[in-house]
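**Q** Annotation source Swiss-Prot lists region 'Pyrophosphorylase' at 1-226. Summarising the annotation, Swiss-Prot assigns Mg(2+) binding site to 104, 224. Summarising the annotation, Swiss-Prot assigns region 'Linker' to 227-247 and lists sequence analysis as the type of evidence. Positions annotated as region 'N-acetyltransferase' by Swiss-Prot: 248-473. For 360, the entry in Swiss-Prot reads active site, proton acceptor. The acetyl-CoA binding site annotation in Swiss-Prot covers 377, 383, 384, 402, 420, 437 and is backed by sequence analysis. Here Swiss-Prot flags 439-473 as region 'Disordered'.
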C-alpha cells in the first residue's frame, strides 16, 4: 500500500532575471501562471496535502491560486532550498512520502513523478543534458551509486564535465527529510542550506539513494529568465500540438498553433496555421477553422466553418454556420443552425436565428434576429444611448436594407422590409415596407471642385466665386 503523499512546491524565488514586477511563479505559460501548471501536476497525483512555500509577493501568489486546496507556507528569508523544505515539514506527518517540486518547473508530468513516490528511500529525478551549465551535477562512485550532488558554483573542473544533472525534484519520507534538514550546513559558496545535501545525509545513515531519469528531454527544465520562459512555452505548445494530432485534431501547421486552455473536439476537424485557442473550446464534428482565428471560451457545433482572422469569444456557433473572414463574435453571441456572419461583422449579446444572415460590414449588438432574416451591408443596431443598453428585435424573414440604423429599443416585425438608408426610431410592422430617408435631389450641371475649382453649376452672370471673395477684374 502506498504511503500517503504530501507535495511541497518551492515558489519563494523573486525571479530577478525576469525583469518583472511580478513574482516569477506568476509569469504566464500558455495563458496561466507557472505555478498553476505545477499545482495541476501535483493534484493529479492524488496527494493528501499540497504545501506551497512562498516568499516574494506571497499575497499576490496566494490570491492568484485561491481556488486550489493548498497550505501556504511562508519562507521569511530565502536561505536556500533546504531551508524552504524545512519550513513546510512541521505540518507533515512522519509517515508521509514527501515529493518536492518547483514552481518554475512546469513541464514535468505525473507519469514521470509516480516512480519517485513508489520508492522507499531518497529518489532523485535526474536528466542528461548536452549543456549542463547551471545545474547541480550528480556524482556517482565506481559502482554507479549516487554519492553526492554538487552545485555548479561548488564543482571542480572534473565534476563540471559531468552531463548527468539534478533537476531538483525528489521524494523521501517526511521523517527522513526532517532529520536530514536539521543537519544541513550553509558552509558553501552561496551561504545557503542546499536540499541537495540530503544525498550525503541519506548515505550517511544508510538510506538508499536512487536517481531516475526524466521520460522526455527538457521535461524538468527550469525557468530563470524570459529566454527560458519562451523556450518552455514553445516546448509546451509542441507537446500539446502532438497530443491533439494523436487525438485526431488536424493541425495544418502544428508549429504555428497556440493553446492557452483546453480543447475538446469531434472527428474530422481542421485548424489552419496561426490559430490561438484560449479557455474552454469545444469543436463538434467536421468543424473547419481558418488561418489566424482566435477562439476563446466558445462552442462550435458540427460542420460549422470559421473563416480566416475571425475572433470568437464566449460565443456559441450552431451547426452548419459560416462565420468570417474578419468577423468578431463577442460575448453572448449565439448563432443558430445555418446562420451566416460575414466579413467585417461584429456581434455582441446577439442571437441570430436559423438561416439568418449578416454578411457584410454590420454591427449587431443586444439583438434578437429571427430565422432567415437578412441584414444588408452597413446595418447598425444602435443599442447604446450613452447610459444604458437597449435591445433590437427583428422578426423572421425580415429584410433590412443596406446602410440602415435601427435605434433601440425597436422592433421589426416578421417579413417586414426596411428600405436602404433608413434610420428606424419606431417599430416597423410585419408584412410592410418601412422607409425613413430623405428623397434624392438632382442639381443639373453640377461639377465637383476637382474638375472646375468651383462649386455649383457654371453661371456667366455669377459675380461671386465659390470661395465667397470678390470677383477679379
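Even glycines carry a Cβ here, placed using N, Cα and C.
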**Q** Using DSSP, what's the helix, strand and coil tally for the region 'Linker' (227-247)?
**A** 20 helix, 0 strand, 1 coil
**Q** How big is the Cα-to-Cα gap, in Å, between residue 360 (active site, proton acceptor) and residue 402 (acetyl-CoA binding site)?
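**A** Distance (Cα to Cα, whole Å): 9 Å.
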**Q** Taking the Cα atoms as reference points, how far is residue 402 (acetyl-CoA binding site) from residue 104 (Mg(2+) binding site) in Å?
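**A** About 55 Å separate the Cα atoms of these two residues.
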**Q** For the binding-site residues 224, 383, 402, which Cβ has the most other Cβ atoms within 10 Å, all shown protein chains included?
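**A** Going through 224, 383, 402 one by one, the largest Cβ count within 10 Å is at 383.
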**Q** Give the maximum pairwise CA distance in Å, whole number, for the residues 377, 383, 384, 402, 420, 437 listed as binding acetyl-CoA.
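**A** That value is 22 Å for the farthest Cα pair.
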**Q** Rounded to a whole number, how many Å is the Cα of residue 420 (acetyl-CoA binding site) away from the Cα of residue 224 (Mg(2+) binding site)?
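**A** About 60 Å separates the two Cα atoms.
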**Q** For the C-alpha pair, I'd like the distance in angstrom between residue 383 (acetyl-CoA binding site) and residue 224 (Mg(2+) binding site), rounded off.
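**A** Per the Cα atoms, residue 383 (acetyl-CoA binding site) and residue 224 (Mg(2+) binding site) stand 49 Å apart.
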**Q** For the recorded positions 360, 437, which one has the sparsest Cβ surroundings, going by other Cβ atoms within 10 Å?
**A** 437
**Q** Determine, using Cα-Cα distances only, which of these binding-site residues is closest to residue 104 (Mg(2+) binding site): 377, 384, 437.
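**A** Considering only the listed binding-site residues, the nearest one is 384.
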**Q** Just how many other Cβ atoms lie inside 10 Å of the Cβ on residue 420 (acetyl-CoA binding site)?
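**A** The answer is 16.
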**Q** Provide, as an integer number of angstrom, the distance between the C-alpha atoms of residue 224 (Mg(2+) binding site) and residue 384 (acetyl-CoA binding site).
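**A** If we compare the Cα positions of residue 224 (Mg(2+) binding site) and residue 384 (acetyl-CoA binding site), the gap is 48 Å.
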**Q** With every protein chain in view, what's the tally of Cβ atoms within 10 Å of the Cβ of residue 384 (acetyl-CoA binding site), excluding that atom itself?
**A** 12
**Q** According to DSSP, which kind of secondary structure is residue 104 (Mg(2+) binding site) found in, if we only use helix, strand and coil?
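**A** DSSP call for residue 104 (Mg(2+) binding site): coil, neither helix nor strand.
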**Q** Output, ordered by sequence, the same-chain residues six or more apart from residue 377 (acetyl-CoA binding site) with a CB under 8 Å from its CB, or 'none'.
**A** 359, 360, 361, 362, 402, 403
